[in-house]
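*Asks:* The structure follows.
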Amino acid sequence: MREQSCFHCGLTIEQNEEIDFDDKKFCCTGCKTVYEIFSINDLTSYYDFEKSPGATPQDIKGKYDFLENETILAKVLEFQEGNTSIVSLNIPHIHCSSCIWILENLHRLQPGISTSQVNFHEKKARITFNSDVVSLKEIVCLLSSIGYEPYISLENYGSAKAKVDRSLTYKLGVAFFCFGNIMLLSFPEYFEMKEFWLDSYKPFFRLLIFLLALPTFFYSASGYYVSAYHSIRTRMLNIDIPIALGIIVMFIRSTYDMLMDHGPGFFDSLASLIFFMLLGKMFQIKTYSFLSFERDFKSYFPIAVTKINKDASEDNVAIYDVLKGDRLLIRNQELIPVDGILISESAEIDYSFVTGEAVPITKKSGDKVFAGGKQIGKVIEMEVLHSVSQSYLTQLWSNEIFQKKVDQKHKTITDAISRYFTPILLLIAFAGFGYWIFIDANTAFNVFTAVLIVACPCALALTAPFTFGNILRILGKKKFYLKNAIVIEQLAKVDTIVFDKTGTITTNKKSNIIYEGNLISDSDIVLVKNVLRGSNHPLSRMLYDFLPEAKRINIEEFQEITGKGILAIAEGKEIRVGSGQFVDDIVADGSEIEKTALHIKIGDIYFGKFTFQNQYREGIEKLFENLSKDYQIKVLSGDNDGERANLEVILPKGTELIFNQKPEQKLEYIKKLQEKGQNVMMVGDGLNDAGALAQSNVGISISENVNVFSPACDAILDATEFSRLHYFLKLSHKAILIIKMSFGLSLLYNVVGLAFAVTGNLLPLVAAIIMPLSTITIVSFVTFMSNYFSNRNLE
Amino acid sequence: MSVIYLLISVSIFVAICFFIAFIAAVKSGQYDDDYTPSVRILFDDETKINSQNNNLPIEEKQV
């Protein structure tokens, strides 16, 4: 059998379901429609850049009605004046050059759009349009109809565009400019040419050098003075103190030398030092702009919801304006924004954002529904019990852990070293001064300043940024995205790992399906599969995928009853698939915890059931076995302990398993571990882990699709790489090892430099050689070592 | 030989001009997205032909 893939989206086309259009094959009418739109508008070069770049458009009827509401619209738009409006839309599907092309050619699909510009890394499209000709809602609907549905959430609501801080780039630019020019102008000094004409220009050259050094000293290096000042005030000796001291002393001594005509001073070294250190800072910052590490519930929740007024008319209201007692209308695939009571007869609610559990829960009229669930199926009505901020889930964010800014949770390794470095440095400087003062006062001052200049821990300060920066990039390539470089140090300190169960160590992509019951014939399986085809319920989809390929049979009658199952007639037989009670009046006995199952009845014969068990991620046993050698492992779960037996088989003996944990309890549990002095790493996925992730020393969130959903955390791990967690932890240890080795190397340079300094022989030329040389060796050493360790098999 | 004053002054001046151009480029946000423009440049020809067909002026606006 030849597998065919859809011309538009690239998915495998199901047998007998392909649609031929224009000599191309499509998997569904949605994909075909998109192709039609493009071909009518002469935009088929969309398919030239990348093979099968598209996505199947989703049904969005009524979903974006709220964009007609003026107040909401004003909050979403980035700019509006007259009839010109600009909007920045987050489009998760942006993934290739075809996407950029089609989105930047939107004006050809929709008159009224003047320009659209894509930022690929941020997965954003910035659209300028004429609001007299086209409304935002129409644009959003157009985007959705071509498979680029934008993601509009509460986060977009009224958030002013964050200002980009570019000061580091400016500082670096200034430093580089000054450094280059100073070096050029210093060349005659290096060679000490006694040529008459060069000598006569010396004052001019020196004046220029001095002028060029000023912006570097006052502007580019300003961050170090501020940081040193803060660290003195808080009595925490950090690496910036000796750096700032070195820079200041270097500047004063050089100015003095120049004025007194002793020599050219150290302005060239000063500029190169500042430049290299800023470069290190720049290198350490690696941001994944398409990821967000600061997400709270706001990025999950919709901006507006449909409210039903007393006179049965419908209105779109902003989420924050929803009050207790309001009646809300929730459509298929819409998120329930507040806690409430279900009014409609029944609902299927998918809490996978919250718990990571993909199988929806059935609620009946009068049941409580909690914020964060997603309605699947038909439209439901509910009455509001709490406003947004007081809902069960969102209350978690009022916990103090989310309020405090975690700037310096711990001391960095560089700061730890500089605690010893600074006093020793001062000691040597004063000792040298004390020795020379009895011989020659002038040399004594020279030695004192030379020590501070040469020992300025530039190589030391560069080690950590370059090592971490490189490791950060290596990990990013392996789909482990860290928030910043400090996380690597924290990873290396971890001694306890807490895992969430559902969605973290289990996958919600597929389930382990087991059949229990009487023998079922192949022809009956074919019948069941055909019945399931018509259903969109996640369980039906999973079972459908699980059952073997089958030919198509015409279903005569089909009825899906929410919360119960499917009733269908095919080949003259009545087929029931669904809950035990619906299929054959089986009442779940209380003794056994009810498992998720689909029962089958064909004609009058009850066959049995397919039970869905949690599917654990691949390689999990080995991972836990390896991890348990070095770490304490604990598993927290929000579910009941139905899975205990299964888990105990997989996990190493003695692993602590705790069930029935509410979000706040998870947070408290981590806190308790920390109070015992443990360094806790939390691995979780859903919003219910958000508290624990924030509380832990390192919070890692597992994500099946890194582009879209992950709660606030320190690192995001692509779910496919979960089994390599141990490797990542080992690499963090290696990073610390590399830094220690490199510290040794840079101290060696300091010793050599100090030997020159204390004997009073530090010439500007020597300093100008030692500083860049040490920098280059350190940078190449750490880069080489980190690449070496990351490629070596660490198993 | 005093021409060297002039030469060096001019060279520094030119360098400063480039430096200012760099700062202006950073400020306008040119360096915020370092990937999309590299792809976009490959589309250019396409867009021109098509825009002629549609008679739609394409404005390159940097806001």
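Counting starts with 1 at the first residue shown.
For all residues, glycine too, the Cβ spot is worked out from N, Cα and C.
Features from TrEMBL:
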type	residues	note
DOMAIN	A:85-151	domain 'HMA'
TRANSMEM	A:168-187	transmembrane segment
TRANSMEM	A:207-227	transmembrane segment
TRANSMEM	A:239-256	transmembrane segment
TRANSMEM	A:420-439	transmembrane segment
TRANSMEM	A:445-472	transmembrane segment
TRANSMEM	A:737-759	transmembrane segment
TRANSMEM	A:765-789	transmembrane segment
*Asks:* Counting only residues 6 or more past its boundaries, what in the same chain has a CB within less than 8 Å of a CB in the transmembrane segment (A:765-789)?
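*Replies:* Same-chain residues near the transmembrane segment (A:765-789) but 6 or more away: 186, 189-190, 266, 268-269, 272-273, 276, 453-454, 458-459, 462-463, 466-467, 470-471, 474, 731, 734-735, 738-739, 741-742, 745-746, 749, 752-753, 756.
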*Asks:* Find the member of A:168-187, A:239-256, A:445-472, A:737-759 that has more C-beta pairs under 8 Å to the transmembrane segment (A:207-227) than any other listed stretch.
*Replies:* A:168-187
*Asks:* Would you mind listing the long-range same-chain contacts of the transmembrane segment (A:168-187), meaning Cβ under 8 Å and 6+ residues beyond its ends?
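*Replies:* Long-range Cβ neighbours of the transmembrane segment (A:168-187): 205, 208-209, 212-213, 215-216, 219-223, 264, 267-268, 271-272, 274-275, 278-279, 281-282, 285, 768.
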*Asks:* Determine which recorded stretch among A:420-439, A:445-472, A:737-759 has the most C-beta pairs below 8 angstroms with the transmembrane segment (A:239-256).
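*Replies:* The listed stretch sharing the most Cβ pairs with the transmembrane segment (A:239-256) is A:445-472.
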*Asks:* Counting only residues 6 or more past its boundaries, what in the same chain has a CB within less than 8 Å of a CB in the transmembrane segment (A:737-759)?
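*Replies:* Same-chain contacts beyond the ends: 413-414, 417, 428, 432, 435, 447, 450-451, 453-455, 457, 459-460, 462-464, 467, 766-767, 770, 773-774, 777-778, 781-782, 785-786, 789.
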*Asks:* Grab the same-chain neighbours of the transmembrane segment (A:445-472) for me: Cβ-Cβ under 8 Å, and only residues 6 or more beyond its ends, written as numbers and ranges.
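*Replies:* That would be 239, 242-243, 245-247, 249-250, 252-253, 266, 269, 273, 276-277, 280-281, 283-286, 412-414, 417-418, 421, 425, 428-430, 432-433, 436, 482, 484-486, 488-489, 731-732, 735, 738-739, 742-743, 745-747, 749-750, 753-754, 756-758, 760, 762, 767, 770-771, 774-775, 778-779, 782-783, 785-787, 790.
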*Asks:* Could you give me the DSSP helix, strand and coil counts for the domain 'HMA' (A:85-151)?
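*Replies:* So the counts come to 21 helix, 20 strand, 26 coil.
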*Asks:* When the pLDDT values for the domain 'HMA' (A:85-151) are averaged, what is the result?
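*Replies:* Value for the domain 'HMA' (A:85-151), mean pLDDT as a whole number: 84.
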